[in-house]
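Everything below concerns the one structure shown next.
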There are 2 protein chains.
Amino acid sequence: MKSFIHTDPQSHFPIQNLPYGVFRPIHGGSPRIGAAIGEYVLDLSVIDKAGKLSGTGAEGKGVFQQPSLNMFMSLGRGTWKRVRSQIQDLLKEEEPELRDNQTLREASLLHRRDVEMLLPAQIGDYTDFYASKEHASNVGTMFRGKENALMPNWTHIPIGYHGRSSSVVLSGTDVYRPQGQKKPPEQEVPVFGPSKRLDIELEMGWFIGPGNERGKPISIADAEDHIFGLVLVNDWSARDIQAWEYQPLGPFLSKSFATSISPWVVPFEALEPFRTDGPAQDPEPLPYLQQDGAGSFDIELEVYLKGKEMEKPQNIVSTNFKYLYWSMAQQISHHTVAGCNLRPGDLHASGTISGPEKQQRGSLLELTWAGKDPIQMSNGEERVWLEDEDEITMTGWCQGDGYRIGFGEVTGRILPSIDYSS
Amino acid sequence: MKSFIHTDPQSHFPIQNLPYGVFRPIHGGSPRIGAAIGEYVLDLSVIDKAGKLSGTGAEGKGVFQQPSLNMFMSLGRGTWKRVRSQIQDLLKEEEPELRDNQTLREASLLHRRDVEMLLPAQIGDYTDFYASKEHASNVGTMFRGKENALMPNWTHIPIGYHGRSSSVVLSGTDVYRPQGQKKPPEQEVPVFGPSKRLDIELEMGWFIGPGNERGKPISIADAEDHIFGLVLVNDWSARDIQAWEYQPLGPFLSKSFATSISPWVVPFEALEPFRTDGPAQDPEPLPYLQQDGAGSFDIELEVYLKGKEMEKPQNIVSTNFKYLYWSMAQQISHHTVAGCNLRPGDLHASGTISGPEKQQRGSLLELTWAGKDPIQMSNGEERVWLEDEDEITMTGWCQGDGYRIGFGEVTGRILPSIDYSS
């Protein structure tokens, strides 16, 4: 399948992808919804007004004139498929409807450099899971010792916790180094100050729609119908604050200062050709977590770090989504089994994605083994934790035959802590 | 101070209180904001339209025509005080402005039996703290043994965790018994089924406004200016699910199936006469947590349980807000110190409020010491955990000289688990 809009084979946004995002034209106008195609954005509010989405179930309701994808997310798989199919048809090389309509093309296609991206959804609740066995084992070994690395519940439960939705920010937003309480092992009492163990977490997130009523769990068979689409997530973490605060109620301030996500939400449908088995699960999960068929996806993931003194970003992680032990469907089904309701626009993230090899570890904590094994940078520096002015870029894609389903990137730069005492 | 609307000394809603809530007239009309006075609700959207809030900073913006208090919460202490003062003036016995205006009285005063109450805010994030030393010690002893009861961090940090906002429900909403994974000590592997250790948690919550920008902490000196008002909170908890899931990321499904709150938000200003010292804090907190003056409030709290076979509710807890070790200001200041942003409408809850005496323990877990010491009910039954059809009522008030600043009540009834496998 090809579009009349040229995309090269390395592009993240060919016609096979068509991710959704919320944007504002930089020359003025209100926030609205678009789909990325190559270097362009198709303004779906214009396409809808031109009557090109009729029969989808989303037409004529102002769904694409919204400042968030929440309303579209609420409409469900049938509508999402019809909208996607009609947009794909409109953009096809051989279809004259948009291609030869110069007025509509000019009104609906904006170059991506002429738009400002915004958060794709109003996130009601953000839940962060802990679904990588390698990550949980690595972190557990470092925090609690090898014999207590993986808690007894871990192979039975897709462990997750409630995250903070207010501090989910868009790619490109600067992150101030957090301050807080830490208790270095050599000290008797805690001290206050900037985090000295600032870290990244390479994760993927998925937006929920339509969700469920309180008290009515989503079965494992239905769970994937509630995945609207996926983004890249960098769950910034302050390890020194985390180590001191997390017992017994879990991470709190060590995570809630910022979580960065990529702007383009890749439709779940676009990932179907890349479906694959996740790791074998032993012991067998309880029946409510038993999923038929392959529940994972082959998504290449990379992290780059660029220090202030470095000329170009350096690759520090290369891993894959398929290493996750628990599938998205299992995580969703578990989340709702006791009656918790999910709402359109809720964000779930996978937890750090680590693989079996060292280069596949998705956090500095694991890559440097809490500082014992610094990363050698191309300019001769070493890295253990993030330094001020470091810029992190995460990216990911599914490699098709001559095309990529890409996620774009999520970036963020660390700024020094601000001294508010003065 | 007296109102021309009669309230008896036991009423929770005298003119000294004037809590805010969101209601819908049962005979029709959209959700709007009112203030409770005795058996009546003063419709503030009508009062605003009549020009009676001019000069407050809230007038003429549709603030009281909203389905939530969020916009009002965002306006800050100065506006809150002016609105409160003008409403109080309007309702005074000696003020003829509303008293003698029959048309306006008929349009603005509804009997409380003629309104349906709704959730007072759109809650962006819900944070639950763990601020009672007695509660943390009791629970810690039962979950981890006496020597690990209070974690080393507890006397340094107002421990809290991110809760679930989607499942915060209004008083009167039925709660289905949650199902989930549990691992009884005598079994090798977890089992799935309805919670058999369903519990209450007596808490108080406060709504946030205006909040802070990400990266800019709220100082302890400013923290109380971000407390709009308080409600009663029942943080339903499934102890068997909690015990199996909570390591290492904290409680998740054991809490997120439902959290009930009372409908009337008592203004922070109304509590000022009841300010009192909390417990002495030893060790001295770090400077960012050092609060000048008394940071607690003398609020009587009670819990009643009524089983299906019982003729009337039985008092099972009588305690006081003042036993909380960490103040609201300390909790707010801590929450933001690493840069987390709070938004208008966010809900913070205190965690279970327990006092030093047995009758002052705010959960069944503590009252029955995890089942070792059942509660004797008036009809000869015993209670260890909640049974189906049990109805819980929590209430609270500040006792003034001849009047009460009351919180009304938060109620909820347990319904049996639904079998979704059929």
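Backbone N, Cα and C atoms are what each Cβ position is placed from, and that goes for glycine too.
TrEMBL does not curate its annotations; it predicts them automatically.
Copied from TrEMBL, the annotated features are:
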- A:H135: active site, proton acceptor (ACT_SITE)
- A:D128, A:E201, A:E203, A:D235: Ca(2+) binding site (BINDING)
- A:Y130, A:R144, A:Q242, A:Y246, A:T352: substrate binding site (BINDING)
- A:D235, A:K255, A:T259: Mg(2+) binding site (BINDING)
- A:16-120: domain 'Fumarylacetoacetase N-terminal' (DOMAIN)
- A:126-412: domain 'Fumarylacetoacetase-like C-terminal' (DOMAIN)
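Recorded features from TrEMBL, shown on the structure.
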residue : record                       : Cβ within 10 Å
A:D128  : Ca(2+) binding site          : 28
A:Y130  : substrate binding site       : 24
A:H135  : active site, proton acceptor : 28
A:R144  : substrate binding site       : 14
A:E201  : Ca(2+) binding site          : 26
A:E203  : Ca(2+) binding site          : 30
A:D235  : Ca(2+) binding site          : 26
A:Q242  : substrate binding site       : 23
A:Y246  : substrate binding site       : 22
A:K255  : Mg(2+) binding site          : 28
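Apart from A:D128, A:E201, A:E203, A:D235, the residues listed for Ca(2+), the same chain places the Cβ atoms of A:L202, A:V233, A:N234, A:S237, A:K255, A:T259, A:A349, A:S350, A:G351, A:T352 within 8 Å of the centroid of those Cβ atoms.
A 10 Å radius around the C-alpha of A:T259 (Mg(2+) binding site) takes in none of the recorded positions listed as A:Y130, A:H135, A:R144, A:Y246. Across the range of the domain 'Fumarylacetoacetase N-terminal' (A:16-120), the DSSP-based residue counts are 43 helix, 24 strand, 38 coil. The number of other Cβ atoms within 10 Å of the Cβ belonging to A:T259 (Mg(2+) binding site), over all protein chains shown, comes to 29.
The subset of recorded positions A:Y130, A:H135, A:E201, A:Y246, A:T352 lying near chain B, with Cβ atoms under 8 Å apart, consists of A:Y130, A:Y246.
Over the domain 'Fumarylacetoacetase-like C-terminal' (A:126-412) the predicted model carries a mean pLDDT of 97. Around the Cβ of A:T352 (substrate binding site), the number of neighbouring Cβ atoms within 10 Å comes to 31. Checking each of the binding-site residues (A:Y130, A:R144, A:Q242, A:Y246) against A:E201 (Ca(2+) binding site), the C-alpha distance stays within 10 Å for none of them. A Cα-Cα distance of 18 Å separates A:E203 (Ca(2+) binding site) from A:Q242 (substrate binding site). Put simply, of the binding-site residues A:R144, A:D235, A:Y246, A:K255, A:T352, the one whose Cα is nearest the Cα of the residue listed as 'active site, proton acceptor' is A:T352.
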